[in-house]
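Q: What follows is a structure written as structure tokens; I'll ask about it next.
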Amino acid sequence: MKRSVPDLMNASEPLVMVTAYDYPGARHAEAAGVDLILVGDSLGNVVLGYDSTAPVTLDDMIHHARAVRRGAPNTFLVVDLPFGTYHTGVTDAMRNAVRVIQQTGADAVKLEGATPEVLDVVGVLARNGIPVMGHVGLMPQTATAQGGLKVQGRDEASARRTLEGALALEAAGAFSVVLEAIPARLARLITERLHVPTIGIGAGVHCRGQVLVYHDLLGLYEGDEKKLAKRYAELGKEAREAIAAYAREVRAREFPTKDQSFVMKDDVLGKLY
């Protein structure tokens, strides 16, 4: 049975979240029993081939989220609001969030940062019944302004900014906060200070949940190993080897065999000559 926001906030075990971007990935995640699925704007990197998440559009997110919902009808679904969809004012943000919920069947939206403008958006969405997941630490949508894709919160100013941002997101109405690429001790402090669940990615074991990117945990891209992710399979290698085996058999006329071919009666064939 799909969990509700109160279920997630009161969970006694660590929450398990994984990204999915399409129907088969969503089916895998739901069958595995995860608590939440995130349709992340990371699809720009791992699915669409962009070098950042910035080019991802709202239409991209809706297209992929609809497929994910069809594959996982019984799992709590969170959809990222991509860059630019909540940065031009509360009215635009509300319109875009409503569109995501209506057109995808998502249960919540996620956005990055804790600036006063973002906090206003979180508050308006939450007060109007749209659950919001926050995100502090490394924020891929604005990573250039943070000095690139690197660990945040290592010095006092950055650590304090991350802590205060998480607290502000909770106060604004976020039901959960993602902590990305921050020291484990800082993540533990934030988790202890918040009443809503923290979900970590590269933030240590003391968060109240964890999230990994589907392609990272399955090893779909050979050689693309990240410190904040663990590979639980090497499907990229298996896929490459399988396609190479198929190519060899085709070129050697070993595929298809009789097992993959259909028959025709001799008398029917004879009438065609």
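All residue numbers here begin at 1 and follow the chain in the order shown.
Keep in mind that glycine also has a Cβ here, set from the backbone N, Cα and C atoms.
Pulled these features from Swiss-Prot for this protein:
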type: ACT_SITE; residues: Glu180; note: active site, proton acceptor
type: BINDING; residues: Asp41, Ser42, Asp80, Lys110; note: 3-methyl-2-oxobutanoate binding site
type: BINDING; residues: Asp41, Asp80, Glu112; note: Mg(2+) binding site
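Distances, neighbours, how buried they are, the whole picture for these features please.
A: Look at Glu180 (active site, proton acceptor): DSSP puts it in a strand. For Glu180 (active site, proton acceptor), other Cβ atoms within 10 Å of its Cβ number 23.
For Lys110 (3-methyl-2-oxobutanoate binding site), the same-chain residues 6+ apart in sequence whose C-beta sits under 8 angstroms from its C-beta are Leu38, Gly40, Val78, Val79, Asp80, Leu81, Val132, Met133, Gly134, His135, Val178. Under the DSSP three-state reduction, Lys110 (3-methyl-2-oxobutanoate binding site) is assigned to strand.
Packing around Asp80 (3-methyl-2-oxobutanoate binding site) is summarised by its Cβ count: 29 other Cβ atoms lie within 10 angstroms of its Cβ, all protein chains included. DSSP assigns Asp80 (3-methyl-2-oxobutanoate binding site) to a strand in the three-state reduction.
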Q: Neighbour count first, Cβ atoms within 10 Å, every protein chain included; then name which of Asp41, Glu112 tops the list of binding-site residues.
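A: Checking each of Asp41, Glu112, the winner is Asp41.
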Q: Report the largest Cα to Cα distance, in Å and rounded to a whole number, among the residues Asp41, Ser42, Asp80, Lys110 that the record lists as binding 3-methyl-2-oxobutanoate.
A: 12
Q: List the residues in the vicinity of the 3-methyl-2-oxobutanoate site, defined as same-chain residues other than Asp41, Ser42, Asp80, Lys110 with C-beta within 8 angstroms of the site's C-beta centre.
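A: Along the chain, the qualifying residues are Thr19, Leu38, Val39, Gly40, Leu43, Thr53, Val56, Met61, Val79, Leu81, Pro82, Pro140.
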Q: Between the Cα atoms of Glu180 (active site, proton acceptor) and Glu112 (Mg(2+) binding site), find the distance and write it as a whole number of Å.
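A: With distance taken Cα to Cα, Glu112 (Mg(2+) binding site) is 11 Å from Glu180 (active site, proton acceptor).
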